[in-house]
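Enquirer: Let me give you the structure first, and then I'll get to my questions.
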Amino acid sequence: MELRLGDVTTQGCDNSELTTAEHEMETFIPPVEDDCIDLGTGWSAFCQTPPVSDNERCVTYEELDKTTSKKRKKSESSEENEEEDEQPGPSSQATSPQEQKAKKSVRFSSFLKEQQEDICKGHLCVTCGDKEGTLCREKFAKGAKCILAEGRWFTPTEFEEFGGRKSSKNWKTSIRFKGKMLLVLIQEGHLNAPSRGTFQSARRSLFNIKYESETDEKEDDSCEEEDQGMGEPLSVQCGSVTAKLYKFRFASGSKGKSIRTERCWLTPSEFVQQESSITDSKWTKHILCNTRPLKYLIKKKVLQVHSALCNCELCSSENQHLLEQENDDWCLVCGRDGELVCCDTCPRSFHGLCHISRPSGGDNKWSCTFCLVENNQKDQITEQQALGRPISEYMNECQALLMKLLSEDKQRNFTPDPSTTVERHTGFIEKPMWLERVKLNLHSGEYELVREFVSDVRLIFENCATFNKNNEFGRMGAQLSTTFEEEFRHLFKIQSSPP
């Protein structure tokens, strides 16, 4: 459902019996036997997940790349599907608690006992050469890119090359967990290895499709859609103009605004018109995705053209349906769908609570804070001048900067109070700070000068560097800190330093 102001229109153990959905929570209950290992808490601390009591003796985790945004029009049907999924099936009724517990039991090899490491967690800290990463067990079993390192996902083969061990040509021995080869974990049944060649084919194919030289049977299997909901966008280009194409919005050349630029949503035909050097309207030829024209994607059924007689909302010519395609189907700040407030100046959308300055209803058109900042006429100033200005003069800039950070913190490592999610954080960090606290201080008027706001934000990243040192989360903090400094200079129009 949309809310448009002005036109008021208002988402452990690897056991298939426990879960089959990619985005569900998994729980591992360790057995009581002496030869099974108690769960550790170190990884929970580094992942900044909420601590779990010893009495529960379980570990929960969220998928690192969890995508929860879904199209607004399908929110009601999604809730109905969730209710159906919660109904117990015949198999669950026929299984006793004792049998379920027996199925969850895992015997550990001696090296795991000695190091007291819980192999049944959803993610494992692995190394290859001088590189460290986080291996997602569920993605590994599916043959997808499963190792997160320095903010990027790798297949085991790619991670082996990333770690400088390409010459080994055997990731099972090059990649290690606590000094032990992944080959050992696979042979002992602690990791479910995908079918042979799965990782190599995933690396060769951009759209999960095989090359034409391979058999038809393999090609058909590889064309199956893996995306759920909106899916990942495709980077497209037409001449010098670049954008993102969302498959769930694609209908045809003139129907379905499926291409998102910085300023608006466009149909493929409209996108071609953005490049002045192109004189014809052959969008299937001129729009490229990784050097391949859209004609190739249509042929491989990555994109499917709707029939000329289609009367779906994407193909509809009704004003209401056309208006709904002008804005994003997800909140810019949290990335989820739901009741969204749509900006009348740009394609951005927000939840009312996510947009820091609460939108108010009315008949006038509404512009988001980002648009207000982009359209202001303030002069360039030095950084020291900006830090000394009253917060009231730069409230829009501060709000836009904070919303930018919240949107970039996709794993919510820096948004909640770390003392509630990270073990030993309070005793180690003298003055904790987090993005939600900065948001509360800004909203309640705690800051008088821009300097105080900037100081608290920078304190978040200083604490992160102190606590995490040079591990994966320390690097993620450094990356977000760089984003903050760049956006701070851009939004506040800071003068460039003389060479």
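We number each residue from 1, going along the chain as drawn.
Each residue, glycine too, has its Cβ placed from N, Cα and C.
Straight out of TrEMBL:
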COMPBIAS  58-68  compositional bias 'Basic and acidic residues'
REGION    58-101  region 'Disordered'
COMPBIAS  78-87  compositional bias 'Acidic residues'
COMPBIAS  89-99  compositional bias 'Polar residues'
DOMAIN    114-192  domain 'SAND'
REGION    213-232  region 'Disordered'
COMPBIAS  214-229  compositional bias 'Acidic residues'
DOMAIN    224-304  domain 'SAND'
DOMAIN    328-374  domain 'PHD-type'
DOMAIN    416-475  domain 'Bromo'
Enquirer: Could you check whether the domain 'SAND' (114-192) and the domain 'Bromo' (416-475) come into contact, where contact means at least 3 Cβ pairs under 8 Å with the two residues of each pair 6 or more apart in sequence?
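Expert: The answer is yes, given that the two segments have at least 3 Cβ pairs within the 8 Å cut-off.
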Enquirer: What are the helix, strand and coil residue counts for the domain 'Bromo' (416-475) according to DSSP?
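Expert: Breakdown, helix to coil: 40 helix, 1 strand, 19 coil.
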Enquirer: Please spell out the DSSP helix, strand and coil residue counts for the domain 'PHD-type' (328-374).
Expert: 6 helix, 5 strand, 36 coil
Enquirer: Along the domain 'Bromo' (416-475), what average pLDDT does this model show?
Expert: 89
Enquirer: For the domain 'SAND' (114-192), jot down how many residues DSSP puts in helix, in strand and in coil.
Expert: 28 helix, 22 strand, 29 coil
Enquirer: For the domain 'SAND' (224-304), what are the DSSP-based totals of helix, strand and coil residues?
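Expert: Split by secondary structure, the domain 'SAND' (224-304) comes out as 18 helix, 18 strand, 45 coil.
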